[in-house]
């Protein structure tokens, strides 16, 4: 395994040699420079993993802060630890603002320097892995659909992304709260920094406290695992998405509320760390009810819910199902090796007639299950038919291909049987198009007024939402 290259920049030869010896013993590969010219030349030849940089460099064209500025412009992810024997608080603050990873004064504790360096390298490694991962994994930041409600929601996401306010995303399980958070990050000014997800569900109070704020005091001196940065530190300059925020216990809510007031973390060792984070939270619960029942702090709710987004359920955007199915089939073909196939129109109709309590996640699972359980054999199963999808989906959706009363209709006069068919057929189509009169009439080939009369004649209820959706649709397609 190759050694980690570290550049030491100090005008004092003794200091350079001492630090180099320490790092060599710890398995690093130290490089040394006495001034800005040497330092920048070494970096130009081959960038290093980290830099230990003195501020006051006698006989150098640039001082440490000047070198730091150049490094952060050319190598933004490269961690720089500032050291100085003549530093002031103001100098330290300026260095951190300019992008230094940390600042320590001479004479420094050898162990402290090594721990700090290892931590800096670990953080940078994670950042690089995160960036690499973005180009390799499935694009999870695409909101698929062109229905009126989806287009409106996309516009709301764009507005939220342009704001620096905290955002709370409300939505049912599987509806796309995490996707919304990713989209906000992707469209924001923080897009080149980390997007971190924290889910407190199934975590103990102690574990949540450890992940967000650090180890307990009694553990501080026992091991070095607590030296790793907390999630709040990892997310610095980026976006932190807290999923199901209502699952955070009240004692941690109090600490989180305190953090939101000044964005500082007091580590168990006493060190104060200030961070700059965009915080987005998600919840499938009614937070106001949680507040009323004493399970969620009212003040915390108001601080997190500065901007609010409501994710539309899949039931509300059934028109997007054909596009979503095509999207999932393509993704599964690309990343799971399942052959790309077409879902028949009647299969799509059956999917649109289902209520989808599990939302987008459930639809994706159904598409995957269907492709796996119906492999192509001798040219068969190229087209996905209704009988191939899970039976529970068909059982709970209005079946357009086999009427429930088909046997009873054999004993009915034609007029009565036709009325039974029309009632079931139009009920299914209204459900499929989310009670939108315009879209239903267009699909079944009837004038809107004629469809209205037919529904009334068949005693089929027309919810008011159908008319509202219709108006929105007409405006969107004017």
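Each Cβ is built from the backbone N, Cα and C atoms, and glycine gets one as well.
Swiss-Prot annotations:
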DOMAIN    5-121  domain 'Response regulatory'
MOD_RES   54  4-aspartylphosphate
DOMAIN    143-372  domain 'Sigma-54 factor interaction'
BINDING   171-178, 235-244  ATP binding site
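Take the binding-site residues 236, 239: by the count of other Cβ atoms within 10 Å of each Cβ, the lowest one is 236. Less than 8 angstroms from the CB of residue 242 (ATP binding site) sit 198, 199, 200, 248, 279, 280, 281, 282, each of them six or more residues away in the same chain.
A separation of roughly 24 Å, to the nearest angstrom, links the Cα atoms of residue 236 (ATP binding site) and residue 54 (4-aspartylphosphate). For the pair residue 171 (ATP binding site) and the residue listed as '4-aspartylphosphate', the C-alpha distance works out to 51 angstrom. For residue 174 (ATP binding site), the Cβ neighbour count at a 10 Å cut-off comes to 21, with all displayed protein chains included.
For the domain 'Response regulatory' (5-121), the number of residues in each DSSP class (helix H, G, I; strand E, B; coil) is 55 helix, 25 strand, 37 coil. In this structure, the CA atom of residue 174 (ATP binding site) is 51 Å away from the CA atom of residue 54 (4-aspartylphosphate). Distance from the CA of residue 239 (ATP binding site) to the CA of the residue listed as '4-aspartylphosphate' is 31 Å. Spatially close to residue 177 (ATP binding site) yet at least six residues away along the chain are 169, 170, 171, 243, 282, 283, 284, 311, judged by Cβ distances under 8 angstroms. In the three-state DSSP scheme, residue 239 (ATP binding site) is classed as strand.
For residue 54 (4-aspartylphosphate), the Cβ neighbour count at a 10 Å cut-off comes to 26, with all displayed protein chains included.
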